[in-house]
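The block underneath contains the structure these notes are about, expressed in structure tokens.
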Amino acid sequence: MGCGHKDDKASLASSQITSFSHQSHQPPSTPASKEVWKKGGRMFSILLAVHLALLACTLVSSGAFEKIAVHDYDVFFLLTVMMLIVIIWIIFYLFSTSRCPDAIPCKDSHAGPVWLRGGLILFAIFSLVMDVFKIGYYSSFYSCLSAIKIIYPIVQAIFVVVQTYFLWISAKDCVHVHLNVTRCGLMLTLTTNLAVWMSAVTDESVHKAHSKLKKNVTEEFFRWLMRAGMRSSLAEECNCNSQICQIFKNGYFWLYPFNIEYSLFASAMVYVMWKNVGRLIDHHSHHIHHLKFRLFRRTFFVGIMLGLITLVSGLGVLILYEVQVNSSTESSKKSQALTMYYIFNIVCLGLMSLVCIGGSVVYRFDKRDMDRHKNPTRTLDVALLMGAALGQYAISYYSIVAIVASTPRDTISALNLTYALLMIAQHTFQNIFIIEGLHRQPPKEDHKHNSHQKDLYGLTFVNINAVSLRVPDSGGNLTPSTVSGTEAIHPSDLLRSLAAPKKMNWRRKFLREISMFLLLSNIILWIMPAFGARPQFDNDTELNFYGDSMWPAIVDICLPFGIFYRMHAVASLLEVYIMS
């Protein structure tokens, strides 16, 4: 295959001729559309992704139940084939497409920021550890298993390594050759990540349900509920009885949250790459901001310290919750754990809501301009924040209806109702704060005032009227044209120059404190449900109201979106912190 199809070359050549012809008639400041969108190629790649996603969703959901004639190894076979095709396409992209002449004429500076790619690498490392545990677990009884169950984690580990390297070096690319192949390859990559995510969420949900029911029902009752990596016909022969097998099994289930977040992070980055295929960036409107991450500069440490206190307290609550709920059969211990969990979350969510409201008020007085330029990364961030919040909204509203309609009402029900209401308020106010921050221009006063501030700040204790001595008198009115290389400075300008940065620095510091506190608080609110603290299954109000089948299904569908919301909010808040 060459370095571009004929239609791609013709469209690019025509767009270049058109742009050159318009340059002589339009001023440089006139915004002109320089992007070549291949509507047919984009539509075909979307249809391909939709059909593959529906197929994967059907197999994954069917493979979770014992009585349906779709086995888990059928799901593993499909995912393995999809990952192998993606690996082949990524190799083709790295060694063929990206090396063509003028293949990548420009890069999107907003796509794939370093903190997002760093988070992707962190989750990739834990995903690789999970694959090692899976290989060890399935190898413990390989004689009675299908070979695909051992091949699948091996291929997944290779897929994670290749995809992480690909996204690290190519996340900012705006490709202009092999347009249709690249779009289809990216959509296949996105669909594969979503399919792996669906499989991991299903496995984890079934495992959690298995753990909750195992203490109260017989093995025969819930065997249909879980597919613990064993063939149903040989379940007795494939029991995991050795100590090392149990370590591998528990280990890879504990690492599922990291693999889930990895798949979603990779999907978001791949989608931005897909949007940038064929894109021509106007450098007059696409500003490149070189922002430096300074964690311990220009802060009062209040947000960091308060966030760390919240994080450590949340970890303690999580440990106590897991011990009292999962290890104790006494109802009093369970009530104490739920009360402690709800009180901590009510305090945390209340503080976060107030802080977000304060940050939004500060933004009302911020003098920075709004960034209205086209930015696919920011558009995706906003869409993911709003979409992922719907999962927690749904759980909260279902809980509110169940608590209000149920009788009698006790202390835990009141705490649960307060928790649900604050969860809705906190998501709403936090989304407003983050979206407001993402649409602000980076601060410009640093490079605007650098030429003057060094000298002006040195005159703090000098008579302000003496500033005129710095400018030589030419016998008349001083103008910039009469002073070579020197600009006339008046006392009023000096006062404004000295006062303005202090106001701006105060606002920026306040916004940084808010962003850091929210970031650390979202981390603990992600850790708690991701690693087992799920009061939705331990509180009897919703279970009794909706039933043992409907309520777990609602939580299993909506909770993964709520968990993803927290991690995506962490990445967005880090960007807001750096932009402040």
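Heads up, the Cβ atoms here are built off N, Cα and C, so glycines get one too.
Feature list (source: TrEMBL):
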| type | residues | note |
| --- | --- | --- |
| TRANSMEM | 43-63 | transmembrane segment |
| TRANSMEM | 75-95 | transmembrane segment |
| TRANSMEM | 115-138 | transmembrane segment |
| TRANSMEM | 150-169 | transmembrane segment |
| TRANSMEM | 253-274 | transmembrane segment |
| TRANSMEM | 295-321 | transmembrane segment |
| TRANSMEM | 341-363 | transmembrane segment |
| TRANSMEM | 383-405 | transmembrane segment |
| TRANSMEM | 510-531 | transmembrane segment |
| TRANSMEM | 551-578 | transmembrane segment |
Do any residues, 6 or more residues outside the transmembrane segment (341-363), come within under 8 Å Cβ-to-Cβ of it, and if so which ones?
306, 310, 313-314, 317, 321, 412, 415-416, 418-419, 422-423, 425-426, 429-430, 432-433, 436-437, 440, 507, 510-511, 514-515, 517-518, 521, 524-525, 533, 535
How about long-range neighbours of the transmembrane segment (510-531): same chain, 6 or more residues beyond its ends, C-beta under 8 Å?
254, 257, 298-300, 302-304, 306-308, 310-311, 314-315, 317-318, 321, 345, 348, 351-352, 355-356, 358-359, 362-363, 430, 433, 437, 559, 562-563, 566-567, 569-570, 573-574, 576-577, 580
Are the transmembrane segment (150-169) and the transmembrane segment (43-63) close enough to be called in contact, which here means at least 3 C-beta pairs under 8 A that are separated by 6 or more residues?
no
Output the single range from 43-63, 75-95, 253-274, 383-405 maximising the number of Cβ pairs under 8 Å to the transmembrane segment (115-138).
253-274
If you count every Cβ pair below 8 Å, which range out of 43-63, 253-274, 551-578 shares the most with the transmembrane segment (383-405)?
551-578
Beyond the flanks of the transmembrane segment (551-578) by 6 or more, those residues with Cβ under 8 Å of it:
113, 115-116, 119, 201, 205, 209, 257, 260-261, 264-265, 268, 291-293, 381, 384-385, 387-392, 394-395, 398, 427, 430, 433-434, 437-438, 511-512, 515-516, 518-519, 522-523, 525-526, 529-530, 534, 536-537, 542-543, 545
